[in-house]
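As recorded in TrEMBL:
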DOMAIN    8-174  domain 'FAD-binding'
DOMAIN    291-339  domain 'FAD-binding'
TRANSMEM  543-563  transmembrane segment
TRANSMEM  584-603  transmembrane segment
TRANSMEM  609-628  transmembrane segment
REGION    628-662  region 'Disordered'
COMPBIAS  645-662  compositional bias 'Basic and acidic residues'
TRANSMEM  735-753  transmembrane segment
TRANSMEM  765-790  transmembrane segment
Amino acid sequence: MTPKRPFRVIIAGGGVAGLSLANMLQSVDMDYVLLEAHDDMAPPVGASIGLMPNGLLILDQLGCYEPLRAVAQGIRTAHVRTPEGRSVACTEDLVGHLEKRHGYPMLFFDRQWLLQVLYKQLRHKDKVLVRKRVDSIEQLDDGVRVWTADGDSVTGDVVVGADGIHSTVRREMRRLAGTEASGSPSSGEEDGVSCHYRCSFGIAQDVDGWPDGDQCFTTGRGHSFLVVSGPERRCYWFMFDRLPDVKLGKDIPRYGKEDEARLVRRYAHLPIMEGLTFGQMYAKRITSTLTPLHEVVFDRWFSGRVVLVGDSAHKPNPISGMGGNGAIETAAELVNALLSRRGDDVGDMESVGREMQRARHDRAKAFVAESHAVQALYAFENPLASTVFMRLLVPLVGGESFLDKMASHFVGGSRLKHLPVPRRPRAIPFDHELPGRPVKPLLSWCVRAALASGMGLALLLSTSVSTRPLGEPLNRWGQLEPIKTRLGDAPLSVIRQGTALGTDPGVIHIVYALSQLVSPLLIYTVEGYRVGNHGTLLSLPSLYLSAMQVLGVGRIAPLYAVLASLQSFQHPAGRFVGPDVARALMPALILAFVIPAVMMLALAKDTDFWRSSPLVFSATTAMLSSGLKRRRQRRRDGTQQTDVVQEKQHRQQSDSPLDRYKDDDVPILKSVYHYAFAVQATVYLATLGYSCSHPDVSLAKLLLATPSPFKVLNKGQLNKGQVFPETPWISRYDMGFAAVGFVGQGLYAIWHLRRLGHVTSKDAAVSGLAFICGHVVFGPGATLAGLWSWRESVISGLSTLNRSR
């Protein structure tokens, strides 16, 4: 009886995908043979490659990261530039940010150098055969045979096509499957491959005027540039030129040196940056090529014993830098699927391909679609959208938005499940490192829609039941004609009801209501200062705090809950609040809110001076935090440096964009939340105690007794002057709708953590139940402050940067 031969994988193509796959198979002792068409495993074809954290994590598992880090150069500064070359957005120390956030930088270098490292890592070089271009594939009863152009053949169990966009393996897969067979890959897909741009790419060296360590995206009308620094004073350029018409399939042109020369003459005058044109960079070229840019994700990446990886299955526009990284991810998922197979027959190979594609297809489609959208934006395909983007959005959102967008590309990356992930401390974990699995986008939007519906209903009811003419002389704001003209009839804030101060129960209610405003004051301000919320509507706390005084917290709380669900930061690194701001919150709250509130209650005569206190609180926070920062800087600058140790301490104390990853703000913020919890819970419990002990006060009437809001909505009863003698109905409704907004905001905050995988389903359920119960035991304001303290701990706890080994 002939012994069964070992399972063998035939890899067609020795590029990034093929050599990465060979290293992965080597790591699990799985037999393979690699067929490469060129004479050399690392041909000098003039291409560059950018490795991102998602690709570097897998290469790190294979032991390739340190050798690559030694030859590559990280990017220090990233720019987005106008067609004139002027920088409109700049991210400093990009290497530092990426390493802090993801454990890995972004590395750019010659593609040839990556191939050399990957090839060197292979222990059995005899399994790599050069000058073996795949010609055809033959299906056997118990395997597959690959014929090469020189007449040789190799047998194995599965063929992996890593031979690029013009894949012979993909062609043979379609031939073997047959276009009429049910579920087989259609040959018509080849005609659907699109080409919108052509690209001049190359390597230049010693370019005068180019800053070493820079990267820039330069926009243009019908074209754009991506230029990245590399080691040895190299520059890697990509000049994207939009085609007059979209080309498909066989109509996609190929280009030669004459075509490249014409393109360079046409665009040589275009600025890449101020003082440097494309022609000047091209003149310093080492090598260059003009190529069409195919964009496609094929519907089927497997059939029988044939599987496709890399560009043969999915090819994005290179402006995203995700082509090679995506190929590495797909190869990793193929190995994961191979290790889970149950047998070696055709059915098992089909299941391997299906499992691989299921893991990668959606992510590959997202990369292709997003790369196309970015290219369209930078090349002004829609001039209005690109102009708004460049002149308004890019300067407004700042560098954190750029980093956050990059993070969304990285965190969902694959890994080799059979190998440990090396410990690289990072602020943002990969999805596979999270406590829970992130929730699919469709369900997330359904939850957002439910929240918006509930908060919208609360907003509608609050408008209907608490409307009074703004011109009534209850406050001086309402006496200003421009405000009356602009706002018409608007509900008045709960704290404006001066009549409440004339009765004993009214005083108790107003004290309770004032205390419950502490949490929204703090939370709206904290969220406004979070680095991940910059450039969003949440970054305008003064807007909401002033609106609370004009429209009432009962309107603002539901509205804010909806906005927070749409615009709140997504990744843990966006949580940071400057420590100076955190330190300013407590004194600002006491000076601008607590003291004026006490004076109002004590004097009970003229409350106008207090009504602007929420807005003053926001301004006081800004002024105090700015003062604290200047004081700290003066102390640092005044330090006399007398020796090397003091000089080192001076550098460590200096402000740095990377300070945000130290989590120095967390203990300060948590102490603020604890203070807010204690104050609000004490007042709430005191209110309960007073209501139970006072013979003339009913707790139900004090806090809950109001006419039906639906009757009000239908008949407008309350607008005819009906009030309860214990306390104004507006106060109770305003706080009631505010509590609804707090509940919606809090429950969605818990769901948001679960949606992102930051907590498990069990933890989210327990937290949600505790949050609901807390409203009864401690009151809405205290419970919201307690939730925010827990939320701060959860998000900051995801970072491994500050953990001891």
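Quick reminder: no glycine exception, Cβ is built from N, Cα and C everywhere.
The stretch with the most CB contacts under 8 Å to the transmembrane segment (543-563), chosen from 584-603, 609-628, 735-753, 765-790, is 735-753. If you look at the transmembrane segment (735-753), the same-chain residues 6 or more away from its ends with a CB under 8 A from one of its CBs are 447-448, 451, 454-455, 458-459, 461-462, 466, 494, 512-513, 516, 519-520, 552-562, 564-565, 568, 703-704, 706, 759, 764, 767-768, 771-772, 775, 780-781, 783-784, 787-788, 791, 794-795. Remote same-chain partners of the transmembrane segment (609-628), defined as residues 6 or more beyond its termini with a Cβ less than 8 Å from a stretch Cβ, comprise 475, 477, 493, 495-496, 517, 521, 525, 541-542, 545-546, 548-549, 578, 580-581, 583-585, 587-589, 591-593, 596-597, 599-600.
Averaged across the domain 'FAD-binding' (8-174), pLDDT in this predicted model comes to 94.
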